[in-house]
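In what follows, a single structure is set out as structure tokens and then discussed.
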């Protein structure tokens, strides 16, 4: 084999790497505009605090409870003292239904993309119990549920990516904290979870939750990232901070939906 052939094969083997690391980026599409997006409903035990937009589809606005909604005169969105952002529902006026349908479809595509990565770097780590771990970038896979009884650290540079494929549920114990180190970015950490997700009282979560089922953020818990659920999301005096906070002119463009569809 010639030296050129060896070099060519070596370069081909680097495909999909970012700064020498495997690229596991998950594309959220229009769903990236939301702090919380759910198909069946979003509830709050007041007062919760959400930085970013929230939306439900195909559910109607009556399935957004505990927020004290005030609908805008355009009837395309609503507001709430608990939400620094806009609130969308499938029964609001055009073009909101199409905007939400696109976001939900993109969230489902992202879930499937995350579930579709192969050749995990870590399989059944800790037999489903993550205790006092520092997690390096890579693909993690479990065929059952995962519990987190103690703090976790995600260590990697700003381009590093993590994907966690969890066939069962995910639960964080009360007071557990996810910590980022080395420049790690919460938008590059994706959890694809096939069953219910529970973030315990006072616990802190970092990353994007791609959840097949119910997500509960218990009293005093917080999440830096996004919650994209294919069923419902329940907040109990919880905090969600999204990396995307629209400027006023972007809000207006999004209301018109021309920018997104």
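Going from the start of the chain as shown, residues are counted 1 onward.
Glycine residues also receive a Cβ, built from the backbone N, Cα and C atoms like all the rest.
Model, not experiment: these values are computed from the prediction.
As recorded in Swiss-Prot, the features of this protein are as follows:
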type	residues	note
CARBOHYD	185	N-linked glycosylation site
SIGNAL	1-20	signal peptide
SITE	65	site 'Ice-binding'
SITE	147	site 'Ice-binding'
SITE	234	site 'Ice-binding'
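Neighbour counts of Cβ atoms within 10 Å were taken for the recorded positions 65, 147, 185; the minimum is at 65. Comparing the Cα of residue 185 (N-linked glycosylation site) with the Cα of every entry in 65, 147, 234, these being the recorded sites, the smallest distance points to 147.
Annotation for residue 234 (site 'Ice-binding'): spatial neighbours 42, 43, 214, 215, 216, 217, criterion Cβ-Cβ under 8 Å with sequence separation of six or more.
Each residue contributes its Cα atom, and for residue 65 (site 'Ice-binding') and residue 147 (site 'Ice-binding') these two points are 29 Å apart. Under DSSP, residue 185 (N-linked glycosylation site) is assigned to coil, being neither helix nor strand in the three-state scheme.
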